[in-house]
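Undergrad: According to TrEMBL, the protein has these features:
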TRANSMEM  26-46  transmembrane segment
TRANSMEM  58-77  transmembrane segment
TRANSMEM  89-114  transmembrane segment
TRANSMEM  120-144  transmembrane segment
TRANSMEM  165-186  transmembrane segment
TRANSMEM  252-272  transmembrane segment
TRANSMEM  284-306  transmembrane segment
TRANSMEM  326-347  transmembrane segment
TRANSMEM  392-414  transmembrane segment
């Protein structure tokens, strides 16, 4: 039978106090690891070392999105997924989407009340609404399951199942990042976040002013029929390209999303899975290479994040202001988790969660309780507001040490 939080705290003889301290340890140690890797990036980007300058960090972010993250998703999701698990785990990606919606609504309310400085209204919504559903949960589950006294049983099974659940939700996070977050963090039209106009940027289709250098030296007259057919084909192609640009299809089919589609397609077909993804598969050398590259994703993105803090959090905080920064921290760490707890509780009552799998429910709750995603910081860096995002991530992760400990204690009490 489930016990209340008051009963656990008052029941000192049954080890309630030890359980609370253990839960706090599970929450604090993974965050300490994250800060350690960020500090390494800070040192590499400092003027005394200068191995990771601004251009290097931007290239590193591009490497993460184009290669390392797709490799991580393909290898982990492909090996974990089966057709049966695809049916059983359907609520994990739905939970990510619901968490994004509920978090964004909380962010919209907070931003409407706080009124952040121009042009950081959407920026505030994103940094409240988008949680870290991959990096920190993976480290947290590894630290939690490593302890033989963990409440979820066997250490190896706990780690294997936990990583599979988290990986299954990451492909949805990649879609959210490349569609919703990428669009929301766009600077005002024709401007940058520094307030300058983008006058010097080249246009995609430069206008032909009739300069002599741009006029072809030789022209060929074609028959009227050929000219008519070519004009029809050109008009059809231009309409197709207009449709692609209008629907933002090019941004949707990014490397992480393609990797997700491939992982699900191959992982759910037994023949293809045994041919590519299994340890004894003929093409396992490719999957093993993806596993090696995927393991580099977390340290690389954290190194880039730490490098963005080389000038200190104050550089980005000045533009946002104390009120906006504090509102983002409060909204993400205090207001979003209760909404997530309500979503998961309702889903459990409706039978959407596998019965008896407490680790499954714990992962769902973690997805709503994490600090702001470091990958959203990487997208912000590509969009030109990396310093502001790095400052927010810096303070959010500091206070997350305390908030995550409290939420994990509450979740363990509810589950056990």
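Note that Cβ sites are derived from N, Cα and C of the backbone, with glycine treated the same way.
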Undergrad: Against which stretches of its own chain does the transmembrane segment (326-347) lie, if we need a Cβ under 8 Å and a gap of at least six residues from its ends?
TA: 91, 95, 98-99, 102-103, 106-107, 110-111, 113-114, 116, 124, 127-129, 131, 353, 361, 364-365, 367-369, 371-372, 392, 395-396, 399-400, 403, 407
Undergrad: Below 8 Å between Cβ atoms, which of the listed ranges 58-77, 89-114, 120-144, 284-306, 392-414 makes the most pairs with the transmembrane segment (252-272)?
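TA: Result: 58-77.
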Undergrad: Determine which residues of the chain contact the transmembrane segment (165-186) at the Cβ level, with the cut-off under 8 Å and only residues 6 or more beyond its ends counted.
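TA: For the transmembrane segment (165-186), the far contacts come to 69, 72-73, 76-77, 80-81, 85, 89, 92-93, 95-97, 100, 122-123, 125-126, 130, 133-134, 137-138, 141, 248, 251-252, 254, 256-257, 259-260, 263-264, 359-360, 363, 367, 373, 375-376, 379-380, 383, 385.
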Undergrad: Using a Cβ cut-off of under 8 Å, list the residues of the same chain at least 6 residues beyond the transmembrane segment (284-306) that approach it.
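TA: Distal contacts: 34, 37-45, 52, 57, 60-61, 63-64, 67-69, 71-76, 78-79, 135, 138-139, 276-278, 374-375, 377-378, 381, 390, 393.
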